[in-house]
Structure formats: C-alpha cells, structure tokens
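Inspection log for the structure reproduced underneath, given as structure tokens.
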Amino acid sequence: MKDFNYKLVLSYDGTNYYGFQKQLHLNTIQSVLENVLNKITKQKKIKIYGASRTDKGVHASGQVVHFQLPFLIPNDHFQKILNFCLPSDIQITKIILISKEFHCRFQAKSKIYHYVFSKKKLNVFNYRFQVYIPNMDFNKIKEAILFIEGKHDFSLFTSQKSLKNYQRIIFKAFIKETKQKYFLIIHGNSFIQHMIRFLVGFLIEIAQNKKTLSEFKQMLDLKINQKARLLAPAKGLILKKIFY
C-alpha cells in the first residue's frame, strides 16, 4: 500500500501545553495533533514527527511536522478540516504533499528563534508572548549577543546531559528594536535543550550589571567552568522559521 507523506507548518500558543513532544498523561502539541488527525482520518496510530521539540510554554509561528497517510486528501480541504477541529491556540498555516524521503527533523538545515522583550509593563491582553523586566541596559545586550555568533561549545548553556557534541553554529544573532519591543533574533544550525533560554538569561544578567561581557565570552570559550543558572521565561521565546 502506498503511503503519502504530508508536511505541515503550524503556529501555536504554547501557554497551556507541556511542550511539543508527547508525554504520558500531559497536554502537548504533538498529542493534540495526533488525536485530531486520528479522528478526522479514522486512523488509529498516526505518528507525527516534529522538527523542534519546544519546551513547556514556548510558542511557534513556524514549527514543521510530518506524518504519513495511506490515502490522499486534497491539501486545501485537509487544512480547513484540521483547523476546524484543532483548538484555537493551534493552527495549521500550510500543508504540502512531499516526498516520502522527507524528514522534518533530520533534514532541517537551520532554525530562527525570537525572544521578545516589552518596553512597557504587560497587561492582560499582551502578557502571553513577551517578557517585561525593568532596569535593563539593552545596549549591553546589543554588544554581548554578537559573541554568540560562530561555532561554540554550548555545554555551559544547556540542561541537556551526556551529549556527544555540544557544538553548534550560530549564523546570526542580533537585536531588532521597535517602538514597543526588543526582539532578540538568533539563527543557528540547531539548538540543544534550554540553550536559547540560558543564553538569554545570561544576557539579562549582563543588562542588569550582575554579569560581565568578559564572563560571557569566557564561558562561550570554555575558559570558565561554571554553568549558566538563569533560565529566561519560556513565554518570551518563539520558534519563527525552519529552513530546509
């Protein structure tokens, strides 16, 4: 029997989910997607593969998943049905019928994440997708974030243990400023668990004069054997785009 491979691009508000990856008895993006797909296709064991295993509370506007079906469904019709059945905080933005060899995780070449800071105190209408921290010197962050670029061993900026290789390449890291917000934009070949949030946490400490630029550079060069401790809040982090 021929299988058809579907690639989905989706957005989600991660506030009410325990991350992307399926976990026993917990509400996750993957479990919701699989349940909805099983229901509308009348299949029993559709397995979804995700390109990025975002943490609890982390958002996405460009997550990519893929799965296989034993039959063909027109893309436009499929997308409308999925979005109708999914909760309002998960939405499919694109469906593509793709080659059977495609794997969204293993073939991803790079990813872009944004971390969003508000310049003003948050209110009930905007608190979910950004972070407000008073008394921060963003000029220091603008200088420090450049140190991230290039190839580094990020073992001091992760909670993930026993990896064979902690080296990652950051192609671009910078701040974009608007009237209301600061966006920390990081584009890398791949990321390890909590890496961006630990990096942002250290940048927050630099901006509050609790850490120095020199300490940051030495940690990136592994000249200090002290792990980053401040994990930036999950709600400020957004997976923006995945490149193939």
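Backbone N, Cα and C define each Cβ position, glycine as well.
Taken from Swiss-Prot, the feature active site, nucleophile applies to D55. In the three-state DSSP assignment, the secondary structure recorded for D55 (active site, nucleophile) is coil.
Marked as substrate binding site by Swiss-Prot on the basis of sequence analysis: Y113. If you take the C-beta of Y113 (substrate binding site) and look for same-chain residues 6 or more apart in sequence within under 8 angstroms, you find I185, I186, F191, I196, L237, I238, L239, K240.
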List, in sequence order, the same-chain residues at least six positions removed whose CB sits under 8 Å from that of D55 (active site, nucleophile)?
G14, G19, Q193, H194, R197, A234, L237
